[in-house]
Amino acid sequence: MIRFLSSTILYSILLHNQINLICTLEEFETKMNDSLLMEVRDMQAELAIIRQDIHAHPEMAMEEKRTSTLVASKLKQWDLTVTEGVGRFGVVGTLTSVKPCNRSIGLRADMDALQLIERNNATYISTKLGAMHACGHDGHTAMLLGAAKYLSEHRDSFCGTVQFIFQPGEERLAGAIAMINDSLFERFPVDAIYGLHNVPEQMGTFSIRPGPLMAASDRWNVTFRGTVDHGGAGAHLGTDVTVLQAQFIMALQTIVSRNINAIDSAVISVGAIQSGSFVSANVMPSEIRIGGTARTLTASVRDLIEQRINELATNLATAFGCTAHVEYRRGAITLVNHDEQTKRAIKAAEAVVGSTNVTKNREPLMASEDFAFMLLKRPGAFIFMGNNDGAVLNKLHSPDYNFNDDAIPYGVAYWISLVQQELND
């Protein structure tokens with residue numbers, strides 16, 4: 001009995017000490033995280049000025065001359081080795097640690113703006129009518145610059161090489177391919193590549209998933225041709241392409257609902273219809289053009305949608321005594337995160353905001369991102385970062401969007417955490 005009690009007491013003491021040790025470690029990690037965020041917040045004002053300057057001078061895809069010059073200037077100021085003109089306006093800043101190591105990591109931010117008329121009241125509103133940063137690429141650029149500055153001042157905190165990749169032309173889904181075709185990964189080797197994008201979710205949170213995270217994006221156009229006739233006296237004599245297009249649009253909806261497995265995700269939307277004249281609205285047009293987008297997460301569903309759009313257009317046109325011309329243009333591919341790099345991204349995010357603020361298996365988004373092409377070339381992961389607080393709702397691609405400067409420290413700290421983890425393990 002005495003031995004039993006002694007063993008029980010000893011076990012309780014050991015368990016108590018173990019719990020205290022775990023709590024102490026968690027408290028220590030929290031202090032370290034708070035310390036990093038505090039350091040980064042000391043940079044926030046400087047980075048916000050840079051971000052707002054970029055916001056005030058937006059440049060469309062593959063036209064980012066001023067932005068890339070600004071980025072290169074800052075990187076040189078912070079003693080990085082800078083290469084300009086990669087894929088036309090891309091910039092790469094190379095940073096090596098104090099202690100030489102063979103490992104390397106790539107961090108990518110996009111720089112381009114959108115074709116929108118801004119409706120904000122900020123003092124730094126777009127100075128270029130018809131262009132604005134409505135997707136937060138100004139914030140992405142500022143956050144990666146912040147990480148470059150911090151790590152340049154703390155070269156002893158990691159062991160290896162960091163390639164800071166500032167990419168043009170994401171909105172046209174052209175910039176990643178342009179940099180890859182300019183021998184990006186041959187000239188600037190990396191073991192893994194990582195990307196980040198803000199989303200209209202709670203600030204101080206991150207979300208990610210292994211596997212498909214963002215959709216492939218395709219454009220399609222269908223032109224129906226028939227015969228012109230009077231809409232009153234000769235309606236029965238013509239082949240009415242307007243009725244044909246109405247049937248076609250309704251038939252499109254059956255592709256997702258009846259041809260694609262219910263557990264697969266797909267979107268087909270019509271975004272444009274062109275035909276006829278309101279001046280001569282009594283005339284049935286001989287031609288009508290319809291265009292839209294298709295989004296998918298798997299190659300098989302993508303192939304099926306292209307096949308079915310062609311079949312529906314051709315067969316319906318024949319049934320109405322008309323002809324159909326179909327154009328299906330494939331754009332961005334599905335963005336697929338690699339399992340190991342997703343785990344590393346999660347670990348880095350958790351080190352900044354804690355495990356409860358990181359969603360590890362979020363639902364995929366049907367938006368597209370050309371970072372997917374980089375993930376074909378190197379293992380890596382793409383993560384989302386919340387950009388909203390209680391007073392700010394930042395809806396992407398909206399004319400009243402404005403990146404939340406209070407979110408800057410979280411993105412900078414994530415990049416730093418990722419590098420220090422990846423190049424120290």
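Quick reminder: no glycine exception, Cβ is built from N, Cα and C everywhere.
Feature list (source: TrEMBL):
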- C135, H137, E171, H197: Mn(2+) 2 binding site (BINDING)
- H397: Mn(2+) 1 binding site (BINDING)
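For the pair E171 (Mn(2+) 2 binding site) and the residue listed as 'Mn(2+) 1 binding site', the Cα-Cα distance reads 11 Å. One way to see the shell of the Mn(2+) 2 site is to take the Cβ centroid of C135, H137, E171, H197; the remaining same-chain residues with a Cβ within 8 Å of it are D110, D112, L114, G136, H140, E170, L396. Look at the Cβ of each of the binding-site residues H137, H397 and count the other Cβ atoms within 10 Å; the largest number goes with H137.
Across the structure, H137 (Mn(2+) 2 binding site) and the residue listed as 'Mn(2+) 1 binding site' place their CA atoms 11 angstrom apart. Its Cβ taken as reference, E171 (Mn(2+) 2 binding site) is surrounded by 20 other Cβ atoms within 10 Å in the chains shown.
Packing around C135 (Mn(2+) 2 binding site) is summarised by its Cβ count: 24 other Cβ atoms lie within 10 angstroms of its Cβ, all protein chains included. Around H197 (Mn(2+) 2 binding site), the C-beta neighbours below 8 angstroms that are at least 6 residues distant in the chain are G136, H140, E369, F382, I383, F384, M385. In this structure the alpha carbons, written CA, of C135 (Mn(2+) 2 binding site) and H397 (Mn(2+) 1 binding site) are 5 Å apart.
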